[in-house]
Amino acid sequence: MHLLIAAAGSGRRMGADRNKLLLAVHGRPVLAWTLEAAGAAQSIDWIGVIGQPLDHSAMAALFHHAGQPVTWIEGGSTRQESVERGLQALPGDARHVLIHDGARCLVAPQVFNRCAEALLEGGAVIAATPVSDTIKRVDAQGVITDTPDRSELWAAQTPQGFSVSELREGHAQARARNWVVTDDASLFERLGWPVRVLDAGPGNIKVTTPFDLTVAAAVLAQR
């Protein structure tokens, strides 16, 4: 299975002056933990990291944590563009791909394996977790307008798995129609293509804020 790790973000929401994936959590950069988990997944036999040129040397120094060769891919100005560049860089024999946020450093190797297995057996799939909070929809003034049925709500995570040809087609359609999406599953949704969820549990968090770093450090300290 081919894996693309999206690592071209910034530390803006973290309040940091550099890519958040290079910030330390429990003694290692965030990306190091993500690479270690990916490398420990038996299903993963090719890894590409999509990042910005200014982070290349710092990230390349972490590739050994994967325990297998890692391909560097220069990202674009948005996540959407970066993933499209990642798809272009895949080996010619790639038929399926998992896309994973580098900031989800608590991901367990078995989550990669389960997503890979589900993808090969039944088509597009994403890691997710059922929403436990009551969600409110509000208007521009902050007034509640609706309370969606919680039993139908899942929080999307990564990895997200797709057919390479279908995901490339999805990105081509997005470019042609000027669609802007925050994850790849949204492309399939807009095109009416089915995507299933795989329960990865609530621990597969995305490290985005200083609080997330604290939580991640506590979890890693207990492993």
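Just so you know, the numbers here start at 1 and follow the chain as drawn.
Note: Cβ is positioned from N, Cα and C throughout, glycine not excepted.
If you look up Swiss-Prot, you'll see R13 (among others) marked as site 'Transition state stabilizer', on the strength of sequence analysis.
According to Swiss-Prot, the feature site 'Transition state stabilizer' maps to K20 (among others), an assignment based on sequence analysis.
Under the three-state DSSP scheme, R150 (site 'Positions MEP for the nucleophilic attack') falls in the helix class. Cβ-based neighbour count (10 Å, all protein chains) for R150 (site 'Positions MEP for the nucleophilic attack') stands at 12. Taken from Swiss-Prot, the feature site 'Positions MEP for the nucleophilic attack' covers R150 (among others).
Positions annotated as site 'Positions MEP for the nucleophilic attack' by Swiss-Prot: K206 (among others). Counting every protein chain shown, the number of other Cβ atoms lying within 10 Å of the Cβ of K206 (site 'Positions MEP for the nucleophilic attack') is 18.
It is 21 Å from the Cα atom of K206 (site 'Positions MEP for the nucleophilic attack') to that of R150 (site 'Positions MEP for the nucleophilic attack'). In the structure as shown, the Cβ atom of K20 (site 'Transition state stabilizer') sits within 10 Å of 27 other Cβ atoms.
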